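> Structure in structure tokens, see below.
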């Protein structure tokens, strides 16, 4: 008996360690996939400026990830469970690495980035011809011949980013459905929420790392190492600045490939957690069942697909949960993807600072919320109906708190000729002819070049020329323009490069907004695990993998793909001034109407999320009357344990009977 117990204990430890190894590996996979995703979302503004494309096209590039995911999600979700799940996940990680590498390629295939400017590097181009020169001619930085512009290769280099994002989406497909179903299959019923909470925590650590990496890369000039950064006349707060977006994609590619390695050494199946000590007792029974299943799969691997789809489609709670998810994903995809741009435009900070603050204030509370949510589910053994109520009412509380963000606003940047007159009076409608005034009408200034300067009167101007500046001192970012006839101040009128700061009040509003965002993130993350358990428990155990995959499919199709596109188009509609390329074509937007931008960024998600509570309340009503298939999961485990105990009792009876017989034989012989 001692050897048998030792062998069973060894087997238990080995199986337990393999499950823990899978948990560690899948958590790392969630870290790597969310690292890549958050980095991509954070670099949207940099990509927009690098390729001089509108926000709607950037939204399409961002949504292309979902297209790649859709190509495989149903196939992987259903057939993946019939194959070797850990190996499928490992292959997916490698493919994600390939996609990230493809996204970095344009940097190595195109020329150096050139931003629009009237100012030369030395500040002494043709005797300061970029300044106001009455009865003169503006000599701008050299432009290409129009015939050469049409042949410029970099105009379509964004296609590499598009294709790379599609490939990354294809690679990420197996991680969520196969990883979650693997945990559900082999973890204890009461441990499953905690394990999923830990995995989801990895999905928060990844974005935190991704945002920190993005913040660093956004602060490094795109062509660092190839140009002298001391000669730059723009800073990270300038809307023409482009960070080293390509560098982070290379790091993401390496991380994804390294994450794939452990999955190739993990088993496809494990004994149910908690029953490993009795593995030998039920070993033969499991082997017989597995042989029968293999035979069935060989001759009809697809026979259950349509019945499963029909069963899920006729499950009202499952379908309503998908509807809630689609509506809320439309809101959150937009908020997360364009939050750095919102912080830049609303509060006047750099892309690097916006990304950093977004990560520091939002992700730690979400991480803590996921862990606490999982612990609550485990500690108090929350039922599905209780979990649904917790998820719904916490989401409603966070939703009401969200409306306070409408109060934390800053005024538009006052740019003369766009939203402010030369007298400093705000104007609502931008008219191109309004950029000229008596003070600069004879300066022969270009009307479309975005090269802003900040006057010592607190107003910004499109360029030093339009500010009426006649002289300059200094070079690079330290250049100061003097004798500016359009700047109405007492004494010497002067201006410096860049837009004027929005002031200390705006910085205070930014802090309030970030604190509110952190509170909202924590409350909403508390509801995430209970809500996800409703999804898992409203399906039969054999339908879970397909159900999770179909849920992901629907959120991708109806939220992940269209949301960034229509949201980006709405943002483009608030643009006040577009950048100008060498040949006169429109580039990326340089400044938005921050008031309208705020109403779109905050108002549209508020409307979407508000409508999602209607199907959520219907779910609560249905749960009062329905008996969910997942509620039998624990009883299924208990049945197995009862069966095992029954077999153990049979073994004890046989052993006792044999002992009695041996005693009788011994007495007879004596």
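Numbering starts at 1 and runs along the chain as it is shown here.
Quick reminder: no glycine exception, Cβ is built from N, Cα and C everywhere.
Relevant sequence annotations retrieved from Swiss-Prot are reproduced here:
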type     : residues : note
DISULFID : 439-469  : disulfide bond
DISULFID : 445-465  : disulfide bond
DISULFID : 454-486  : disulfide bond
DOMAIN   : 433-488  : domain 'Kazal-like'
CARBOHYD : 124      : N-linked glycosylation site
CARBOHYD : 135      : N-linked glycosylation site
CARBOHYD : 412      : N-linked glycosylation site
CARBOHYD : 419      : N-linked glycosylation site
TOPO_DOM : 1-20     : topological domain 'Cytoplasmic'
TOPO_DOM : 41-59    : topological domain 'Extracellular'
TOPO_DOM : 81-86    : topological domain 'Cytoplasmic'
TOPO_DOM : 112-155  : topological domain 'Extracellular'
TOPO_DOM : 185-203  : topological domain 'Cytoplasmic'
TOPO_DOM : 225-242  : topological domain 'Extracellular'
TOPO_DOM : 268-311  : topological domain 'Cytoplasmic'
TOPO_DOM : 334-353  : topological domain 'Extracellular'
TOPO_DOM : 378-381  : topological domain 'Cytoplasmic'
TOPO_DOM : 406-513  : topological domain 'Extracellular'
TOPO_DOM : 537-545  : topological domain 'Cytoplasmic'
TOPO_DOM : 572-605  : topological domain 'Extracellular'
TOPO_DOM : 624-670  : topological domain 'Cytoplasmic'
TRANSMEM : 21-40    : transmembrane segment
TRANSMEM : 60-80    : transmembrane segment
TRANSMEM : 87-111   : transmembrane segment
TRANSMEM : 156-184  : transmembrane segment
TRANSMEM : 204-224  : transmembrane segment
TRANSMEM : 243-267  : transmembrane segment
TRANSMEM : 312-333  : transmembrane segment
TRANSMEM : 354-377  : transmembrane segment
TRANSMEM : 382-405  : transmembrane segment
TRANSMEM : 514-536  : transmembrane segment
TRANSMEM : 546-571  : transmembrane segment
TRANSMEM : 606-623  : transmembrane segment
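For the listed features, I'd like the structural context: burial, neighbours, distances.
Using a 10 Å radius centred on the Cβ of residue 439 (disulfide bond) and all shown protein chains, the other Cβ atoms total 17.
Secondary structure at residue 465 (disulfide bond), as computed by DSSP, is coil.
Using a 10 Å radius centred on the Cβ of residue 486 (disulfide bond) and all shown protein chains, the other Cβ atoms total 24. In this structure, residue 486 (disulfide bond) belongs to neither helix nor strand by DSSP; it is coil.
Taken as a whole, the domain 'Kazal-like' (433-488) shows an average pLDDT of 85 in this prediction.
Non-local contacts of residue 412 (N-linked glycosylation site) by the CB criterion (under 8 A, 6+ apart in sequence, same chain) comprise 419, 426, 593, 594, 595.
Other C-beta atoms found within 10 angstroms of the C-beta of residue 419 (N-linked glycosylation site) number 23, with every protein chain shown included.
Sequence-distant contacts of the topological domain 'Extracellular' (41-59), counting only residues of its own chain at least 6 positions beyond either end whose CB sits under 8 Å from a CB of the stretch, comprise 106, 113, 154-155, 157-158, 161, 210-211, 214-215, 217-218, 222, 239-243, 245, 248, 336-338, 340-341, 344, 351, 355, 358, 563-569, 571-572, 579, 581, 585, 587-589.
Note on the topological domain 'Extracellular' (225-242): DSSP counts are 3 helix, 1 strand, 14 coil.
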> Among the disulfide-bonded residues 445, 454, 486, report those whose Cα falls within 10 Å of that of residue 469 (disulfide bond); none is a fine answer.
486
> Rounded to a whole angstrom, what is the C-alpha distance between residue 445 (disulfide bond) and residue 454 (disulfide bond)?
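That comes out at 17 Å between the alpha carbons.
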> Whole-number answer please: how many Å between the C-alpha atoms of residue 439 (disulfide bond) and residue 486 (disulfide bond)?
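Counting only the Cα atoms, the answer is 5 Å.
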> With the cut-off set at 10 Å between Cβ atoms, which of these disulfide-bonded residues ends up with the most neighbours? Options: 445, 465.
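Comparing the disulfide-bonded residues 445, 465, the most crowded Cβ belongs to 465.
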> How about the transmembrane segment (514-536) with the transmembrane segment (60-80) - do they touch, taking at least 3 C-beta pairs under 8 Å (6 or more apart in sequence) as contact?
no
> Can you count the other CB atoms that lie within 10 A of the CB of residue 454 (disulfide bond)?
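For residue 454 (disulfide bond), the 10 Å Cβ neighbour count is 23.
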> Do you know offhand how many angstrom separate residue 454 (disulfide bond) and residue 465 (disulfide bond) by C-alpha?
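Roughly 12 Å, rounded to the nearest whole number.
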> Taking the Cα atoms as reference points, how far is residue 465 (disulfide bond) from residue 486 (disulfide bond) in Å?
10
